[in-house]
Amino acid sequence: MARAGHAGGVSSALPADDDLNDDLPVDPTTGQPADQPADAVGATITPYRDGPLIVRGDFRLVDQDGAEIDPGRRTVALCRCGKSGIKPFCDGTHKRSGFSAPSAPSRPRPAAAIRSASREGGRPA
Ligand code: FES
């Protein structure tokens, strides 16, 4: 389980007309962002291209002192651009600020390179 948890769609702290969900898959029956598949376990965190981290599934969201932050919904958008007025939640400001980031890492983290190299019996690049 991730340390970020709850029931619902994107946080109720977000504006009703938020545009942060424009790129999210939508459940046609509810019009809300689609949750993860029913057979999935735990949480899924998806960095959206040029946008927030979308957290879906069974998670708890806590501050650094361990106090619960009520996400209000089962799927939340967490700001990764640093410009949101409602951190840790995304408020859509990333679009106006021109935030740019890939969805997947452009290169492996150093620890991943070390693990990969040790599996192959070599040194990290
Ligand atoms: S990622 Fe959306 S406001 Fe920061």
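Don't overthink the numbers, they just go from 1 along the chain as shown.
Note that Cβ sites are derived from N, Cα and C of the backbone, with glycine treated the same way.
TrEMBL lists 1-50, 92-125 with the feature region 'Disordered'. According to TrEMBL, the feature compositional bias 'Acidic residues' maps to 16-25. Residues or ranges marked as domain 'Iron-binding zinc finger CDGSH type' in TrEMBL: 65-100. Per TrEMBL, compositional bias 'Low complexity' is recorded for 100-116.
Residues in the compositional bias 'Low complexity' (100-116) partition by DSSP class (helix H, G, I; strand E, B; coil) as 7 helix, 0 strand, 10 coil. Here the domain 'Iron-binding zinc finger CDGSH type' (65-100) has a mean pLDDT of 97 out of 100.
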